[in-house]
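Student: Sharing a structure, written as structure tokens. Questions coming.
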Amino acid sequence: MKSPQSSPKSKTTLLENEKEEVQEPPMFSTTKTKCKKLAFIPLVFLIYFQISGGPYNTESTVGSGGPFNAILGFLLFPIIWSIPEALVTAELATTFHGNGGFVIWTHQAFGPFWGFLIGFWKFFSAVINLSSYPGLCIDYIDPLLPTLLSHLPHYLLISLSTLLLSVFNFIGLPTVGYAAISLGILSYLPFIVLSVCAIPQIDPSKWVSSGKISRKRNWPSFFNSLFWNLNCWDNVSTLVAEGVKNPPKTLPKAFLAAGLLTYLTSLIPLLAAIGAMSLDLDDWNDGFYTVVAYKIVGKRFAKWVRVGAFLSGIGVYQSQLSSCSHQLLGMAELGLLPGLFGARSKWSGTPWVGILISAMISILVSYMNFKHVTSVVNVLFSLSMLVEFSAFIWLRVKLPDLQRPFKLPVTRVRGLIAVLFIPFGILVYITCVGTKVVYLVIALLTVFGIIWYFCMKIFQAKMWLGFNHVVAKLADYEDLGYYGQFVKK
């Protein structure tokens, strides 16, 4: 979107909306490549996989919280958490759309340090999360692998699968979007069959059962699993500038469609499985749907569920890798990272360095225990969302006259705080139920991130690495309400 001073050839993302008198050409300009936009349906499935990807790995909510609490969680959590997060994302992403996404919003609200730190937290939350999916895919598909492959070292298989899963991202974002449609449909087909076949065996009284009364509830595990399966709505913000046509109209509709899709695909199989199966909560762990399929439909059908889980893992990996790579691209365009991080493929225009860095880091952390991965991801995400929600409220105070193409229909700050009160409480709870190992990992990552930030400032000042000179110029937009053409006159 052009500023009033822009020439016809000026760029359309954040870094290119600069005043003529201070404009300096970026080292890795986004004008060199015209990226194709995502159509509506591919965008919906991309968001769907960034949030959930289907009912796989929801079984542990039953084991940790009981049948009734699991159903209640998937009924209420989208209302008290997902809707507020989606509305905040829709407002900010359509107002400050650039490859940096949430980094841009926080940068504008609190300055470059917090912009970098939230980007650092979100990036490592995402790539650590990515590291779990190749392993999960292999675990699901392992019984179906040829004998030769099954004897390869586990970590070699993970490394090979990670690199293979990254291929679509190198081709381009529209390819990832259309692949997400196929993966979403194929991965959910087994659950349509499973839910239909379970109908004669469903006992509705099991839906309100608490399971074994003597069994102690594991509430931290319950909320971590629930949160992990229904968050990350803001990930798509890093793709809005290049991937979404007419964001103010398209993005809210895509959120609504993806939300309904996530809601139904998670809840329907859960109701069917709980109603038709025994309620021995010790059995309800991640992967239990294969047992459900075996007992309700048959042995061969259980293999289909495994294949579906494999395809779902591919979809989640592809969509989240897209967000990670475009986030690095955006941070490089903002000058928060060296320009090298924003390098694009000359053939496809994809941020190949961001894709490669994200994939390699996910390989390095793939040895972590999955329970630790989930908790680390959730706590890092919660810390960043606490800052992000705070930035949302502060931007309403700081830039009250800014024209917002899509706006959460609450005007007063007290009203915004009330809307986000429960989401804030959820984030604080998730942050507080981590283990010592989780806190140690996050503390080390945060210290490393702070050191990295100040090292980047030194490198930039000494001109040891090439940076885009946009960070210093963002202050020019404060008096203009960030984008001068959006300020009401």
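Each residue, glycine too, has its Cβ placed from N, Cα and C.
Pulled from TrEMBL, these are the listed features:
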type: REGION; residues: 1-26; note: region 'Disordered'
type: COMPBIAS; residues: 1-11; note: compositional bias 'Low complexity'
type: TRANSMEM; residues: 38-56; note: transmembrane segment
type: TRANSMEM; residues: 68-90; note: transmembrane segment
type: TRANSMEM; residues: 102-124; note: transmembrane segment
type: TRANSMEM; residues: 152-171; note: transmembrane segment
type: TRANSMEM; residues: 178-202; note: transmembrane segment
type: TRANSMEM; residues: 254-274; note: transmembrane segment
type: TRANSMEM; residues: 352-370; note: transmembrane segment
type: TRANSMEM; residues: 376-395; note: transmembrane segment
type: TRANSMEM; residues: 415-431; note: transmembrane segment
type: TRANSMEM; residues: 437-455; note: transmembrane segment
Student: Hey, would you say the transmembrane segment (38-56) packs against the transmembrane segment (178-202), going by three or more CB pairs under 8 A that are 6+ residues apart?
Tutor: yes
Student: Counting CB pairs under 8 Å, which listed stretch among 102-124, 152-171, 178-202, 415-431 touches the transmembrane segment (437-455) the most?
Tutor: 102-124
Student: Can you work out which residues elsewhere in the same chain, 6+ from the ends of the transmembrane segment (102-124), have a Cβ less than 8 Å from its Cβ atoms?
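Tutor: Sequence-remote neighbours of the transmembrane segment (102-124) are 14, 92, 96, 234, 237-238, 324, 327-328, 330-331, 334, 336, 358, 361, 380-381, 383-384, 387-388, 390-392, 394-395, 398, 445-446, 449-450, 452-453, 456, 471, 474, 477-478, 482.
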Student: Let me spell it out: take the transmembrane segment (415-431), skip the flanking residues so only those 6+ beyond its ends count, and list any with a Cβ under 8 Å from a Cβ in it.
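Tutor: Sequence-distant neighbours of the transmembrane segment (415-431): 80-81, 84-85, 88, 223-224, 227, 378-379, 382-383, 385-386, 389, 392-393, 396, 408.
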